[in-house]
Amino acid sequence: MLPGTATTSTVAPDSTPAHTTTNIETTDTIVRNLPWPSLGFQSSEIGSNVFDVIEKFFANTEAPVCGSTILVLLKRFPNESDNSRLVSLIRSHHAILHVVTSSTPSGGSQPKTMYSAASKTNGIGAIESDEHFNIFSAWYPTYLYPYPVYATTIRVSGNGTKNLPGFYPSNSELHYVSITYQDHVPDDSFQNLNLRWIRSGDSRNFPFDSSDVSDHWYGGTYANDLIRFDKAYYWMAMDYNYTGQDVHNIQIRIYSGTPLNNWLPYSD
């Protein structure tokens, strides 16, 4: 999706990008151009060519790509562990990468490469079951609230509280809060998270636990909520609780329906 326009591009590995102007046209284009079974990978050791697909998208000359929001539905992991060139390409176009990764991948050797690329481009990288891809694609911040206004990724283990960068919205309005709580196929180590924000005279939070994830978000690694923030400075913190001492990456994002005057900086 290209901000400021109504153009959507779809790219398959074996075709040129297709550019459409409505969700219905986009769906029709995808349905008409499903891949041939003969193009399937013959071995689980072969990695996804998603890097090539994204590079192909940016190389097109039919539609502008600066400021694009990219949504990848990933069934197979890439074999590349170094995503620095891909991240640089996305950043150079002021673009955002979102990824929905299958919890039952068909191959590839590097499960965290695309999650890392999403983290470094202000995007979301969730891991979900294939049958829920369509639901999570709709829940991602791609259409109504596409503009990132707050993005940080933290590493935690066990339980505790992590102070986060402060948040100062440009407008008083509804914002789309998106959080991923694991960077791998979900397991039972996750217990609960509680995103808290405080300003003078106002203290609120967005809590969720493992039962919420199962009941409301289909057992994946993604949670979201629509929350109003006023134009004021907020102190932010995350309370977390995991069993064991494994390290977990948590993506914390806030998106707006109103673009910023200046692009939100990327972070590693």
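Keep in mind that glycine also has a Cβ here, set from the backbone N, Cα and C atoms.
The compositional bias 'Polar residues' feature in TrEMBL is assigned to 1-19.
Taken from TrEMBL, the feature domain 'DUF7154' covers 153-256. Confidence in the domain 'DUF7154' (153-256), given as mean pLDDT, stands at 92.
Residues annotated as region 'Disordered' in TrEMBL: 1-24.
Per DSSP, the secondary structure of the domain 'DUF7154' (153-256) breaks down as 7 helix, 65 strand, 32 coil.
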